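Reading through the structure tokens given below for one structure.
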Amino acid sequence: MDVVWPSLFGLLLAGYFALEGFDIGVGLLLPVLARTPERRDRLIAAVGPFLLANEIWLVALAGVFVGVFPVLEGEVLSGLYPAFVALLLSWVVRDAGFWFRLREKSPAWRRTWEAAVVAGSAGLTLSWGFILSGAIGGGLLTGVAYGAALAALFAAHGTGFAARRLPAPGGGPDPLAGAVARRAALPAVLLTAVAAVPVVLAHPGAWPAAVLAVAAALLATRSFPATALAAAAPALATFGALLPYLLAHTASASTLGAMSLVALPLLPFMAAAQWWVWRAFRTPVARSFF
């Protein structure tokens, strides 16, 4: 169990970034990918069915972290308190934008809440950049580098999702989203490489994870699974750098055993629910609650 639970934490971390990454990426590029009200409605309707399902991964991730690493919980929350507050505020603002934009028909009302989606998505990206960099002891510049790399990777992931979910009139992927994805590829690679440098300098043993992150960014335009891997790569690199430290600070065997009895049986249901969402909404949605 000393290895199983930290590994599960890494899996949930990667899953959250891979799945929530395209939601955040679409939010970041909403003004670019959807320049008309009708297109914004289509794009947000495409994201809507996955929004809550993807956020469940963050809730599960937080629960596992608190249970498996109780000693680190206080250290992380106190050391990165501003970043976590910014993360929660950005999460609320972004989700409020999705939920409220269609509650009134006024164009000004919609523009206001669509701006909230963009601002909240940017806040989530930057907050995660500072959290990941802070976890390895990085400072302000490292946090900015991480945030910029995540923004480029999430943008590539979001445009990959949009290209698939907004088919062109004649069929095939959306040309605008495809063009934006290609333009985001080079910045994603360069910024990921820059963000990987402090990880390797602080934790030399993490160089395989850093190389994987850059390689994943190189493949980001190949397919949607490739962009998902690229979006998760910085989190995986950080997790790889911290793994020895995490293994040394796990909870007691009795605590992990109790968690296994309670939590592990729930994981198949979580995976099944995620599979159902993707299967049920495998075709583009023309209209949604959002």
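Residue numbers in this text run from 1 along the chain shown.
For all residues, glycine too, the Cβ spot is worked out from N, Cα and C.
Positions annotated as transmembrane segment by TrEMBL: 6-31 (among others).
Residues or ranges marked as transmembrane segment in TrEMBL: 43-68 (among others).
Residues annotated as transmembrane segment in TrEMBL: 80-100 (among others).
Taken from TrEMBL, the feature transmembrane segment applies to 112-131 (among others).
The transmembrane segment annotation in TrEMBL covers 143-163 (among others).
Per TrEMBL, the feature transmembrane segment maps to 184-200 (among others).
Feature annotation from TrEMBL assigns transmembrane segment to 228-247 (among others).
Residues or ranges marked as transmembrane segment by TrEMBL: 253-278 (among others).
In this chain, the transmembrane segment (6-31) touches the transmembrane segment (143-163); three or more CB pairs sit within less than 8 A of each other, excluding pairs fewer than 6 residues apart.
Long-range contacts of the transmembrane segment (6-31) within its own chain (CB-CB distance under 8 A, at least 6 residues past either end) are made by residues 40, 43-44, 46-47, 50-51, 53-55, 57-58, 60-61, 64-65, 68-69, 94, 97, 114, 117-118, 120-122, 124-125, 128, 151, 153-162, 180, 227-229, 231-232, 234-236, 239, 243, 246-247, 250, 267, 274.
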